[in-house]
Amino acid sequence: MDKLLERFLQYVSLDTQSKPGVRQVPSTEGQWKLLRLLQAQLEEMGLVKVTLSEKGTVMGTLPANVEGDIPAIGFISHVDTSPDFSGKNVNPQIVENYRGGDIALGIGDEVLSPVMFPVLHQLLGQTLITTDGKTLLGADDKAGIAEIMTALATLQAKNIPHGDIRVAFTPDEEVGKGAKHFDVEAFDARWAYTVDGGGVGELEFENFNAASVTIKIVGNNVHPGTAKGVMVNALSLAARIHAEVPADEAPETTEGYEGFYHLTSIKGSVDRAEMHYIIRDFDRKHFEARKRKMMEIAKKVGKGLHPDCYIELVIEDSYYNMHEQVIAHPHVVDIARQAMVDCDIEPQMKPIRGGTDGAQLSFMGLPCPNLFTGGYNYHGKHEFVTLEGMEKAVQVIVRIAELTATRKGK
């Protein structure tokens with residue numbers, strides 16, 4: 001699996017951080033570099049129908065090597081890394097045969113500690129790939145890309161029976177835009193899997209319903225010495241708004257199937273302020289209730305303001321829970337589960353406290369659960385992946401292809 005590690009290190013060396021609030025897709029030039037590289041590599045591997053769309057989606061097909069009416073399936077990963085933390089000049093550290101304890105991240109005081117991340121206790125003896133403490137790693141989702149590419153090479157080299165295998169690499173997943181421009185008809189798969197999960201065994205087909213909230217506040221600034229009855233402090237209004245949001249329903253206080261409100265940024269002055277929230281919930285009714293709650297808060301805080309001062313709230317849905325779409329096609333999950341069992345992996349089916357391209361694609365007619373990559377602690381300097389986990393992901397992808405080859409016409 002040396003080639004697997006080589007691919008991964010090549011992909012993370014490219015800065016593909018996406019950027020929110022940008023109309024163009026992909027949102028950054030760096031993503032194009034990786035997309036063009038993947039297009040060239042797929043062509044070099046001999047895949048057919050290799051394309052790169054104007055919106056930055058790479059697609060290709062590994063043709064079937066067996067006859068019969070075998071359903072075409074797909075595997076999908078995204079090229080962008082999170083805007084939450086720098087993805088520039090990623091300098092991975094390779095820790096072979098991890099023996100426990102803290103791992104120094106570069107030169108300085110940053111460490112990857114089992115005290116903060118107890119999962120490390122389960123990874124003794126494995127090869128860990130970490131950051132140097134200055135950037136994220138990019139295992140989300142370049143581990144998935146490397147695993148798909150390696151699985152394709154494995155299917156070819158070992159002549160393992162399979163039907164048509166479609167692959168796709170998308171941009172801007174981290175800012176919720178990649179799948180919006182995905183051509184499901186051109187992809188032409190019966191179903192697919194995103195390879196964008198976490199630890200070994202994760203098999204996910206439930207995710208958050210998600211929305212973004214933008215609150216713009218216009219106040220009135222005058223000299224503080226003569227401000228009584230005249231000044232309207234936009235920052236004070238912002239503070240009042242956040243005080244109304246349930247403090248016990250935040251990311252840091254919730255888990256499992258619990259939803260939350262998350263203030264992601266706030267900026268401004270006395271004159272103007274802007275707040276950005278994200279809303280998440282697995283239950284659609286609770287999701288809608290959370291959106292109504294934000295509207296009620298804005299209305300309450302804005303009541304009685306001078307006509308020239310106001311609070312403007314815009315809510316935009318990002319994606320929905322794929323569960324209802326995927327369970328209508330139980331074999332899609334069953335095959336992945338069986339593939340894991342066949343690879344001596346215990347499937348861990350739990351909800352995604354996040355989203356994937358697969359959530360949107362499932363609502364576009366392409367059932368698309370999520371498979372593990374072997375990575376942990378995404379979107380920050382403590383991100384890492386295990387080589388053994390990546391190898392397991394490759395095995396599962398290959399086994400899914402092999403099992404699907406036995407489902408003629410189904």
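Every residue gets a Cβ built from N, Cα and C, even glycine.
Swiss-Prot lists Asp80 with the feature active site. Cβ neighbours of Asp80 (active site) (same chain, under 8 Å, six or more residues apart in sequence): Thr16, Gln17, Ser18, Pro26, Ser27, Thr28, Gln31, Pro171, Asp172, Glu173, Glu174, Val175, Gly178.
A 10 Å cutoff on Cβ-Cβ distances gives Glu173 (active site, proton acceptor) a total of 26 other Cβ atoms nearby, all chains included. Mapped onto three states, the DSSP output places Glu173 (active site, proton acceptor) in helix. For Glu173, the entry in Swiss-Prot reads active site, proton acceptor.
For the recorded site, His78 (Zn(2+) 1 binding site), the DSSP three-state label reads strand. Counting only residues at least six positions away in the same chain, the Cβ atoms of Asp141, Gly144, Phe169, Thr170, Pro171, Asp172, Glu173, Glu174, Gly178, Asp196, Asp357 sit under 8 Å from the Cβ of His78 (Zn(2+) 1 binding site). Feature annotation from Swiss-Prot assigns Zn(2+) 1 binding site to His78, Asp140, Asp196; the stated evidence is sequence analysis.
Summarising the environment of His379 (Zn(2+) 2 binding site), the number of other Cβ atoms within 10 Å of its Cβ, over all protein chains shown, is 17. According to its DSSP assignment, His379 (Zn(2+) 2 binding site) is coil. Feature annotation from Swiss-Prot assigns Zn(2+) 2 binding site to Asp140, Glu174, His379.
All chains included, 28 other C-beta atoms sit within 10 angstroms of the C-beta of Asp196 (Zn(2+) 1 binding site). For Glu174 (Zn(2+) 2 binding site), the Cβ neighbour count at a 10 Å cut-off comes to 25, with all displayed protein chains included. On a Cα basis, Asp140 (Zn(2+) 1 binding site) lies 8 Å away from His379 (Zn(2+) 2 binding site).
Taking a C-beta cut-off of under 8 angstroms and a sequence separation of 6 or more, Asp140 (Zn(2+) 1 binding site) has the following same-chain neighbours: Thr81, Ser82, Asp196, Thr373, Gly375, Tyr378, His379, Glu383.
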